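Engineer: Take this structure, written in structure tokens, and hold onto it; I'll ask about it next.
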Amino acid sequence: MPGDGARPRNDVRDDQEEIMKHPTQNAIPEPGPLDGPIAHAPSRHAVLDSPYAWYALIVMTGTCALSYIDRQLLNLLVDPVRHSLRISDTQLSLVQGAAFVAAYLIAVPLFGRLADTANRRNVLVAGIGAWSLFTALCGLADSYEKLFALRFCVGASEACVIPVCYSLIADHFSTRHIQRAVSIFHVAPLFGSGFSLLAGGAVFMLAGEMRTWLPILNPLATWQMAFVLVGLPGLLVAAIVALTVREPSRQQVRHSAAGDRTYSLRETTAFIWLHRGFYVRIYLGIGMLAMMVLGMPAWLPTFLVRVHGAARATVGFNFGLVVIVFATVGTLIGPWVSAAVFEKRGYADAPLRTAAWSIVGAVFCCAAIPFMPDMRGTLAITAAAVFFYSLPTGVMAATLQLGTPGRMRGTIGALYSLCGQLIGFGLGPTTIALVTDKVFKDPNSVGYSIAIVCPIASIVASWLLFTALRHYRALLQATRQHGGEPHRRT
């Protein structure tokens, strides 16, 4: 088993002997459609768990955080955008949710296949450049339709992140470190969401001052300038990824008699269907969890402004700080809880079991939000909710890496991401808004809407994961027996 440093010499010698036995299988592949001049040949002898692997993980984590900063900025700009474009809470929630869902529905399967077949680093670079440009262009939107269309384009571009990065991470780390690596990566969405709120207030104020300094910017509203300021730095991140991250070799090759082969969509679909008891439940489970993870932060800042009379910049700073600190702690502690509480007791399904139990804690915290007497109390109970809903994110994703064949991880990870975005973004913010508009018919009741929607989603998510445990154990056993290759029931 690899450690924190270089692999044992015997492992490297095994790789070299395998290459000599199968020179055609292990030859560097011909360039594909996305393997242009900037693509480097895959590093066939990259050492798992090496310092470079951890650097690549940091870059991928930062990239994912950037995508969430871009998409979550709108949560702090709800009322300025709504008043400027003269739209309702429900209409704005469609820009927050439906625009992204429609984009993911179209784009994420494509990126999943590209992650299994093309140069993943180049796919990621193209996606970063595209969503950064479209985010900046949101600052030029002067109608509801234009803003919706541009947010659709942002969502389509950002669909590359999860499937590509899941596949890359699995090829940088050994089984021993995969839970830790995936959990670190899953700090990104929560950190990005929190940082967008933390810095969003400052960006909003800076955008207003820039309109004063530069009269040429006066035609743009302050919220429009905020989108421009957040979008353009992403082009620098795209350059960093292009220049410093390499395409790694596909792992599991030396454990498989089939070599580094690509599986067809039919084969991948058959594998998912064979283990549908696990995959269907975890796909629906991440969707229901995402309803809380994305729905609550989408409307809590507005709740604090409307009900507790807090200033927008103050809300952004305080709520952003809560999300950054407690989401980071929750996500990073997940692998430790899995190992110390469940793996130590012999549970093969420890990561999934950890996720199922932790979601239970979030139910009570979300239900208490509207009953807190002031903003300080609301932020305190929110901190606990953020901790509990963040803890399962990394360990849930690690279950996919541990049970899925290497050349299927992109497609299967894409479906995982799709379900999270489809259900989370599509139903989370919008369902809360609909309960506010249609049930309470009072904008100031948004806190009660959060307390209804988020706990229900959490209960369903926890139930799905508990019922998936035995199916996950069967998947792990079958995968180990077949050396990481797809298999059939006999």
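Cβ atoms are placed via backbone N, Cα and C, with glycine included.
Okay, so TrEMBL annotates it like this:
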DOMAIN    56-473  domain 'Major facilitator superfamily (MFS) profile'
TRANSMEM  52-70  transmembrane segment
TRANSMEM  90-111  transmembrane segment
TRANSMEM  123-142  transmembrane segment
TRANSMEM  148-169  transmembrane segment
TRANSMEM  181-206  transmembrane segment
TRANSMEM  226-245  transmembrane segment
TRANSMEM  278-299  transmembrane segment
TRANSMEM  319-342  transmembrane segment
TRANSMEM  354-373  transmembrane segment
TRANSMEM  379-400  transmembrane segment
TRANSMEM  412-434  transmembrane segment
TRANSMEM  446-466  transmembrane segment
Engineer: Against the transmembrane segment (319-342), which of these stretches has the most C-beta pairs under 8 Å: 52-70, 148-169, 181-206, 446-466?
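Structural biologist: Looking only at 52-70, 148-169, 181-206, 446-466, the most contacts with the transmembrane segment (319-342) come from 181-206.
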Engineer: For the transmembrane segment (148-169), could you work out the same-chain residues 6 or more beyond its ends whose Cβ comes under 8 Å from its Cβ atoms?
Structural biologist: 56-57, 60, 63-64, 67, 70-71, 74, 94-95, 99-104, 106-108, 110-112, 114-116, 120-121, 123-124, 126-128, 130-131, 134-135, 137-138, 141, 178, 181-182, 185, 248, 397, 400-401, 409-411, 413-414, 416-417, 421
Engineer: Can you tell me which of 52-70, 278-299, 379-400 gets the most C-beta pairs within less than 8 Å of the transmembrane segment (90-111)?
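Structural biologist: Ranking 52-70, 278-299, 379-400 by Cβ pairs under 8 Å to the transmembrane segment (90-111) puts 278-299 first.
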Engineer: With CB pairs under 8 Å as the measure, which of the listed stretches 52-70, 123-142, 181-206, 278-299, 412-434 comes out on top against the transmembrane segment (379-400)?
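Structural biologist: Most contacts with the transmembrane segment (379-400): 181-206.
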Engineer: Does the chain bring the transmembrane segment (278-299) near the transmembrane segment (52-70), so that three or more CB pairs sit under 8 Å (pairs 6 or more apart in sequence)?
Structural biologist: no
Engineer: Name the range, of those listed as 52-70, 354-373, 446-466, that has the largest tally of Cβ pairs under 8 Å with the transmembrane segment (412-434).
Structural biologist: 446-466
Engineer: Decide whether the stretches the transmembrane segment (181-206) and the transmembrane segment (446-466) have at least 3 CB pairs under 8 angstroms, with pairs required to be 6 or more apart in sequence.
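Structural biologist: No, the transmembrane segment (181-206) does not contact the transmembrane segment (446-466).
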Engineer: Cβ under 8 Å, sequence separation of at least 6 from the ends of the transmembrane segment (446-466): give me the contacting residues as numbers and ranges.
Structural biologist: 281-282, 284-286, 288-289, 291-292, 295-296, 299-300, 302-303, 306-307, 352, 355-357, 359-360, 362-364, 366-371, 385, 389, 392, 396, 428, 431-433, 435-436, 439-440
